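Positions annotated as substrate binding site by Swiss-Prot, on the basis of sequence analysis: 9, 10, 11, 176, 216, 237, 238. Taken from Swiss-Prot, the feature active site, electrophile covers 96. Per Swiss-Prot, the feature active site, proton acceptor maps to 170.
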């Protein structure tokens, strides 16, 4: 049985004061509500250490939003997985649609980062998803397949480590556009991803990998989305910046 994961991607938001206040509210809410899921917050790099000071030992895990391929060296502006581990991170988001579209990250670069995350002892949250143009051209499954197949060959050979992979499906066309992906569309994409994982890695791995929904999950749609057979949690953006909304999404797992 896959344990749900509710992950908050704080993106480019939060001074130290604001981030620690949000982390405190999330930590205290999780302690009070005891949601039936794993909980993760992914702040911006500059506040990782401060947020870790708030959530350490609380059951709320810490993650980063990106990482470098290299471990060290002359790579100005980059942050390595070893550095992320050093401040308490256990997860890292890779291949987010904003990294792909705004910063030109390719499938090959994302694959290199996935390999580096495993090397450095971090659990990768691999983001995949199609644009509006690709969906309207009925290329959704083709895009998902290309993005996944670029990364699966770099996974460790050990099935137990393969099972640790987290995949996040981001229908890019449904993020901040006013368009909404139906639960049926979400489930269809998640089922396709799991089927591809089964084909490439085997059923045991596919059945264990958690697939998160990253298409503007909010308190008012979380319960229905989280009720789908292949939706194992959410990668939450805007709603993660308000503790009450973030905690309310977790209620969708038990309500």
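Cβ atoms here come from the backbone N, Cα and C positions, even for glycine.
Positions of the features from Swiss-Prot, shown on the structure.
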{"residue": "9", "record": "substrate binding site", "CB count, 10 Å": "25"}
{"residue": "10", "record": "substrate binding site", "CB count, 10 Å": "23"}
{"residue": "11", "record": "substrate binding site", "CB count, 10 Å": "17"}
{"residue": "96", "record": "active site, electrophile", "CB count, 10 Å": "27"}
{"residue": "170", "record": "active site, proton acceptor", "CB count, 10 Å": "25"}
{"residue": "176", "record": "substrate binding site", "CB count, 10 Å": "10"}
{"residue": "216", "record": "substrate binding site", "CB count, 10 Å": "21"}
{"residue": "237", "record": "substrate binding site", "CB count, 10 Å": "22"}
{"residue": "238", "record": "substrate binding site", "CB count, 10 Å": "17"}
- [ ] In three-state terms from DSSP, label residue 216 (substrate binding site) for me.
- [x] coil
Open item on the list: Taking only the residues the record lists as binding substrate, namely 9, 10, 11, 176, 216, 237, 238, what is the largest Cα to Cα distance between any two of them, in Å to the nearest whole number?
Closed with: 15
Open item on the list: Return only the integer: C-alpha distance in Å from residue 11 (substrate binding site) to residue 170 (active site, proton acceptor).
Closed with: 15
Open item on the list: Checking your reading of the structure: which of the recorded positions 10, 170, 176, 216, 237, 238 lie inside a 10 Å Cα sphere centred on the residue listed as 'active site, electrophile'?
Closed with: 170
Open item on the list: Same chain, not part of 9, 10, 11, 176, 216, 237, 238: whose C-beta falls within 8 angstroms of the C-beta centre of the substrate site? Give them in sequence order.
Closed with: 175, 236, 239, 240, 241
Task: C-alpha spacing of residue 238 (substrate binding site) relative to the residue listed as 'active site, proton acceptor', in angstrom - done: 14
